[in-house]
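Q: Let me give you the structure first, and then I'll get to my questions.
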Amino acid sequence: MARKTPIERYRNIGISAHIDAGKTTTTERILFYTGVNHKIGEVHDGAATMDWMEQEQERGITITSAATTAFWKGMGGNYPEHRFNIIDTPGHVDFTIEVERSMRVLDGACMVYCAVGGVQPQSETVWRQANKYGVPRLAFVNKMDRTGANFFKVYDQLKTRLKANPVPVVVPIGAEDGFQGVVDLLEMKAIVWDEASQGVKFEYQDIPAELQATADEWREKMVESAAEASEELMEKYLGGEELTRAEIVKALRDRTIACEIQPMLCGTAFKNKGVQRMLDAVIDFLPSPVDIPPVKGVDESDDEKKLERKADDNEKFSALAFKIMTDPFVGQLIFFRVYSGKINSGDTVYNPVKQKKERLGRILQMHANQREEIKEVLAGDIAAAVGLKDATTGDTLCDPAAPIVLERMVFPEPVISQAVEPKTKADQEKMGIALNRLAAEDPSFRVRTDEESGQTIISGMGELHLEILVDRMKREFGVEANIGAPQVAYRETIRKKAEDVEGKFVKQSGGRGQYGHAVITLEPQEPGKGFEFIDAIKGGVIPREYIPAVEKGIVDTLPAGILAGFPVVDVKVTLTFGSYHDVDSNENAFRMAGSMAFKEAMRKASPVLLEPMMAVEVETPEDYTGTVMGDLSSRRGIVQGMDDMVGGGKIIKAEVPLSEMFGYSTALRSATQGRATYTMEFKHYAEAPKNIAEAVMTAKGKQ
């Protein structure tokens, strides 16, 4: 099957934004204008095409990044047909894992900002993730029709808060109720969209006289940004020559792809203005798969051996599985991005991470929650596969004859956990299946059984995250469950070095005895270093074959520390000495000796409890600033700064222990009459004050 769209005309883009910047509405309009959707879905009615899980429709927030394919020939039909693969990403902090995961497979992104709210806390998180993966991006200022809308204030915030380098390629005509359209700085014409056709038709008009000076000033800035792309253009510009439209577009495109600038546009998706021009900007400025460096990977058996794959149909096949979803009709769907080569349904692919070959069953092209079966996928495509049993998020799929491991994604450790128990015996079995399915879909969600209580414990990135997963368990799997109170994921570590601590396991009870003896030194590591074991045994005082047993004994003890039974982190153990018995020594005895030595060393090394600290940002009207700050301080929070919001009001940034943040949304609502909002994400672990540590230990019954 021949390629319908040349790869140069592919655009793999993400639409991402803070909650309520209108991202889902913007995506809906894109689907409408590109002719896929014939009736626009409104988030207000719970009918938006991209928000396809029931909870999303009820809550009006986007949870799952649905992947959609659409086609665009330009708003005036003046471009050859381009193929957009659009990934809708969630804007809520509890779902940053989804955003991070989609950034990994995108070539470019459209960042949507609210013209009133401006750069909000989550926008900064998303921006950091886009920087991490080097994703070129456009900025689209939405909701220009709302009271308090201010395009130029958002421009200033992009520069100051995100350290971005925005280059407006349009400026608004009017704002709030008077927002009529935009001045296109490339054409130096006003664009006015026709309301009757929902913005499908438009016309170019002369720039309104009162805007001419503003348009001239911003065009000059845009041309100057373009001229900085190369010395030749700069000479031409400084010599007073006009740059052609094509030169400006190419120069801005080159600088956007190099992540030096971000073209900036505006509109109101809800009123059908401006999104069409943004789609043209996606063609003009964002990269195709061949405009960015080839994807990098490593050899399956040698991490030092670097490999790469070009975005070309004739290369060996390589793809990355970036999302797993359970679909009520076809079962498990694996979304994957093809970086190189091509593959047909029925072909065998190799998963080097799991070291398994699998047959690719059906391949589906997704449009939000509708699907079309296709036979072949090519370089640059994003599709979903049915029938891959072993693949999980972040796995590579490749040609069995040419293995490559594309980089692994690193997922954050969960910070909050809850006990969950089925309401009836019938729910028991279903709950196990449901939790395993959900954990396969979402690497930031973990399930385990508590050995002491026998309870099932679920852990995730925040209260909303777990709430939604429990909700899905009920809807998709019919499991009724009771949820315990949220528990904080504390950790334990040490502050001092404990030298030459011994563990001796001796058992003589008729017949063959047991004998293991290990001496260790335990010392703290810097935060985040994890556990390290060093074998410093000299002269064979412990035989080689027993040393792994000592390490295993220690590793098995790490999940339950001595203070309150929380996992021990960031410690280094050096095995320095020991002894053995020719007859009675065995692996089990040395495992016990290692465990005993470690527990004893922990007691001597000033053990402390660590608690998760959260970066909290509260957006509040100015009148409540004092109240909010006072409340954060009473929660042991440290206020770290304050910013102004575009439409008035303040953003308060603070670091607060997670244990103090339960029920915060209700408290904040009542303290500010529902006018303040907040976001929170995990920052780092810090030592808990003595009184808090004692309270936690008492609650755990381990004083």
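Any Cβ shown, glycine's included, is placed from N, Cα and C.
Okay, these came from Swiss-Prot:
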- 17-24, 88-92, 142-145: GTP binding site (BINDING)
- 8-290: domain 'tr-type G' (DOMAIN)
Q: Around the Cβ of Met144 (GTP binding site), how many other Cβ atoms lie within 10 Å? Please give the count over every shown protein chain.
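A: Taking every protein chain into account, the count is 30.
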Q: Do you know the mean pLDDT across the domain 'tr-type G' (8-290)?
A: 81
Q: What count of other C-beta atoms do you get within 10 angstroms of the C-beta of Ala17 (GTP binding site), across all chains shown?
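A: Its Cβ has 28 other Cβ atoms within 10 Å.
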